[in-house]
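> Take a look at what Swiss-Prot says about it:
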| type | residues | note |
| --- | --- | --- |
| REGION | 18-99 | region 'Ubiquitin-like (UBL) domain' |
| REGION | 235-272 | region 'Disordered' |
| REPEAT | 111-153 | repeat 'WD 1' |
| REPEAT | 160-198 | repeat 'WD 2' |
| REPEAT | 205-242 | repeat 'WD 3' |
| REPEAT | 277-317 | repeat 'WD 4' |
| REPEAT | 319-358 | repeat 'WD 5' |
| REPEAT | 364-404 | repeat 'WD 6' |
| REPEAT | 427-465 | repeat 'WD 7' |
């Protein structure tokens, strides 16, 4: 069968040819083991190769396919790929094929009155999905998938955040954690019923804006502009009292106000520990995805630090060349992705035994990279959000080596729908502040345009075998 295909392809043109050895990790699309290398014209591109493989498979209905050569998606002709990578046409190329990706198309936008700083999604099999947003107006909002606001948090005068909220996360189906410029971390009780979002605990300890939080079980990590990482418990019995010098100043007016509103019954607690070591604002703090006793933090001081959360001890410091603004753990690859002020994402090996700091660089953004999220379906997928007004999707298998080491370019770029067809210089007016990637809801991003934007695709990044 391979010989017939080779003859058929050769008869189409007399141009330069190359031998391709096709393989796939998708058992449903695998060619017979007897299929050997196939001689094809080097002028062929993805569509023609897809047609060829479908003919070899004798599929009833053509399956659109993508092709990876040496880990890089084929976006040109075979000849152009060979030339760009300095590969001889005499070489037999190993070509992996995967089902063609469905781009993440825009499906909905939810509008706010102010900048939207953060977003998270609650999705489970028992209830309808919920989206929670944090805004610079100091409020949390819970949305249903029909773009309706079903719950709003208390305002400042009723016991809520006293200024802009910077981050929000669902701790569980019944609890929410938020943080903000008012230097607090707050735990909220959540229900879909009438009361919605009600304050549970106010945490005091930071002396600067709390810009990012991460949650795991009954633990919270916070990253603050005061150069520290906060470590907190959601259990009142485990949480220490707040030292008086860390409580907000209580003028007669504010004292009277607290007595008149719901915050009078809200517990106030201190941190289990404040982790010190950074020499500039801390941009992100996250838990190790496989060992919640380990934490990581990134900072404007250019470093990634590893913490033992049991002893509150600094374990290791990895120093880069640029300010690091966000972090995401990729445990299957023993890597940690960090967005930078230098417009790229650096994949860092956080292990103390690692001989190099940067394992890979993801390039393409034109402004600071401030948020990251993992693909829920593929261990190779990652999305980044940037102040350039875009979110970019990466397949970390798709790489090449140049003078900067191992680098990768994004496979998709999601622009802000609010920008229309125009391109904003430096992302002006459409900066992305946060992004979440949920298996059911899709890619949810928020930002300076005061919009929750939802994009959805299918198999955006092929799964691992």
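A Cβ is built for glycine as well, from the same backbone N, Cα and C atoms used for every other residue.
Would you situate these features in the structure and describe their surroundings?
Taken as a whole, the region 'Ubiquitin-like (UBL) domain' (18-99) shows an average pLDDT of 91 in this prediction.
Within the repeat 'WD 1' (111-153), the DSSP-based counts of helix, strand and coil residues read 0 helix, 22 strand, 21 coil.
Within the chain carrying the repeat 'WD 2' (160-198), a Cβ under 8 angstroms from the stretch's Cβ atoms is held by residues 117-122, 124, 127, 130, 132-140, 142, 150-154, 204, 206-215, 220, 222, 224, 230, 232, 234, 248, 262, 434, all 6 or more beyond its ends.
Within the chain, the repeat 'WD 4' (277-317) has long-range Cβ neighbours (under 8 A, six or more residues past its boundaries) at 208, 211-214, 216-217, 219, 221-231, 323-329, 331, 336, 338, 341, 348, 350-352.
Here the repeat 'WD 6' (364-404) has Cβ contacts under 8 Å with residues 68, 70-73, 85, 104, 325-328, 330, 332-333, 337-341, 343-345, 347, 410-416, 419, 424, 426-439, 443, 445, 447, 455, 459-464 of the same chain, all six or more residues outside its ends.
Sequence-distant contacts of the repeat 'WD 7' (427-465) (same chain, at least 6 residues past either end, Cβ-Cβ under 8 Å): 25, 66, 98-99, 101-121, 123, 129, 131, 133, 143, 145, 167, 332, 366-367, 370-381, 383-391, 393, 395, 411-412, 414, 416-419.
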> Can you count helix, strand and coil residues in the repeat 'WD 6' (364-404) using DSSP?
0 helix, 21 strand, 20 coil
